[in-house]
């Protein structure tokens with residue numbers, strides 16, 4: 001059940017807190033600031049991930065080649081290099097890509 005609806009775009013959420021976080025997309029509010037470089041973020045978790053840039057922390061390691069990453073999703077994307085998986089396909093030409101951003105650029 002998702003009773004909390006965004007008045008701007010109509011997307012629904014399970015809690016008022018999730019809706020509040022979502023609304024920052026529309027307002028541009030970025031209340032979380034990095035104390036090192038002063039970059040701002042809409043979500044607290046995004047700030048926590050960003051701080052790893054400054055600390056050098058790379059807790060996610062590829063078990064195939066040893067390359068390390070700051071974020072789990074980056075490691076998961078990287079794994080596709082080893083598996084050959086290309087889950088993002090162009091509807092126009094049928095060409096497949098390892099990640100969504102490469103498909104968009106195509």
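A Cβ is built for glycine as well, from the same backbone N, Cα and C atoms used for every other residue.
The domain 'C2H2-type' annotation in TrEMBL covers 4-31 (among others). Across all of the domain 'C2H2-type' (4-31), the predicted model scores a mean pLDDT of 96.
The feature domain 'C2H2-type' is assigned by TrEMBL to 32-59 (among others). Each residue of the domain 'C2H2-type' (32-59) gets a DSSP state, and the totals for helix, strand and coil are 12 helix, 4 strand, 12 coil.
The domain 'C2H2-type' (60-87): residue composition by secondary structure is 12 helix, 4 strand, 12 coil, according to DSSP. The domain 'C2H2-type' annotation in TrEMBL covers 60-87 (among others).
Look at TrEMBL and you will find 88-106 (among others) tagged as domain 'C2H2-type'. Within the chain, the domain 'C2H2-type' (88-106) has long-range Cβ neighbours (under 8 A, six or more residues past its boundaries) at 77, 80-81.
Taking Cβ pairs closer than 8 Å, the domain 'C2H2-type' (32-59) reaches residues 21, 24-25, 68-71 in its own chain, all 6 or more past its ends.
Sorting each residue of the domain 'C2H2-type' (4-31) by its DSSP state yields 12 helix, 4 strand, 12 coil.
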